[in-house]
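First comes the structure, then the notes that go with it.
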Amino acid sequence: MSAALEKPQIIAHIQKSLNYTVFESKWIPCSAKFVCMGNFARGTGVMQIYEIQHGELQLVREIEKSKPIKCGTFGATSLQQRHLATGDFDGNLNVWNLEVPDSPVYSVKAHKEIINAIDGVGGLGIGDGAPEIVTGSRDGTVKVWDSRQKDTPVVNMEPTEGETKRDCWTVAFGHAFNDQDRCVCAGYDNGDIKLFDLRNMSLRWEKNIRNGVCSVEFDRKDINMNKLVATSLEGKFHVFDMRTQHPSKGFASVSEKAHKSTIWQVRHLPQNRDVFMTAGGAGNLHLWKYEYPAQRSKKGADDVEMGVAGSVNLLQNVTLSTQPISSLDWSPDKQGLCVCSSFDQSVRVLIVTKLNTV
């Protein structure tokens, strides 16, 4: 067999045009359904649930809301309830029962401006401790919410007095390997990456990567921090080895410039934490594998342990659209099944083959 065929292939299985701008698509856990979130041209928000049936997409339900919906997560819900938490253009955090979506089961005015990003942990059997939701907004704040607590966040991470407010573009939970430890990573428009330790209520680490940070994700939320990928505006992404933190040098990292345009998102494969996909502004997807170095840490000149970065290998890439792919989500249940949505107002179901051989 030729080498090209032995590599994973990214196959566009189903494509569907939509009559609205779609910002996020998420698989509904334990199902062949996914939900798309966005806004109609008339300025209202929309959630559509699609089901894959006989190789086609069937619209199961369409829900219209007063405000455009920017982002969503199932990360803080149980597998039984499967409630969707969303952030909208008005700064509202809502949690919906998609079976009865008329009014939210939890609602709070979370931010003064648009909620750009949302993540959840402690639900779906992923991560120990209480289910929590984190939101990041244009108002410069990052807040952690517990849906059992009305109106006020559990944690509010905001700039100190006199510090300029930066637009927060992306948030992610990690390090939730027991019921005390938990971290939030946030990325900002000026290139800042900040790692907040929720156990000690402190800023554990910060770094500037010089370009706006579009997406951050830990390779797993529910383990002792292992790796973090951050993507940016100029087509560059960084992989940080989070196992060893040097007091002054921080975490070791490797960077790669793959796309010629903004990398909108990164998503790790749920079944293999060393494989991840990046989604680009020119409508392309790149599939990567991280290779660990022979030794992940070494003693520096000051006799203090420091991390050693590995390398990244490009497994496959494909161009699906002329417009940015703004959202990407792997199926947690079926390896290689993936949904992505683009600013060409369409949603695509992809199949990535041979992932068990990489």
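One is the number of the first residue shown, and numbering goes on along the chain from there.
Backbone N, Cα and C define each Cβ position, glycine as well.
Source: prediction; values computed, not measured.
These come from Swiss-Prot:
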type	residues	note
REPEAT	64-106	repeat 'WD 1'
REPEAT	116-155	repeat 'WD 2'
REPEAT	163-206	repeat 'WD 3'
REPEAT	208-250	repeat 'WD 4'
REPEAT	258-298	repeat 'WD 5'
REPEAT	320-358	repeat 'WD 6'
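Helix, strand and coil residue tallies for the repeat 'WD 6' (320-358), in that order: 0 helix, 19 strand, 20 coil [DSSP]. Mean pLDDT, taken over the repeat 'WD 1' (64-106), works out to 98 on the 0 to 100 scale.
Contact count against the repeat 'WD 6' (320-358) (Cβ pairs under 8 Å) is highest for 258-298, out of 64-106, 116-155, 208-250, 258-298. Counting residue by residue with DSSP, the repeat 'WD 5' (258-298) contains 0 helix, 26 strand, 15 coil.
With helix defined as DSSP H, G or I and strand as E or B, the repeat 'WD 2' (116-155) counts 0 helix, 17 strand, 23 coil. Counting only same-chain residues 6+ beyond the ends of the repeat 'WD 1' (64-106), those with a CB under 8 A from a CB of the stretch are 23-24, 26, 28-30, 35, 37-40, 43-47, 49, 112-126, 131-133, 135, 137, 139, 145, 147, 173, 221. Sequence-remote contacts of a segment are chain residues at least 6 beyond its ends whose Cβ falls under 8 Å from one of its Cβ atoms, and for the repeat 'WD 5' (258-298) they are 8, 10, 214-220, 226-227, 229-237, 239, 241, 243-244, 305-332, 335, 338, 340, 342, 344, 350, 352, 355, 358. When Cβ-Cβ distances below 8 Å are used as the criterion, the repeat 'WD 2' (116-155) is approached by residues 29, 70-79, 85-87, 91, 93, 95, 105-106, 108, 110, 165-173, 176-180, 182, 184, 186, 194, 196, 198, 201, 221-222, 332 of the same chain, each at least six residues removed from its ends.
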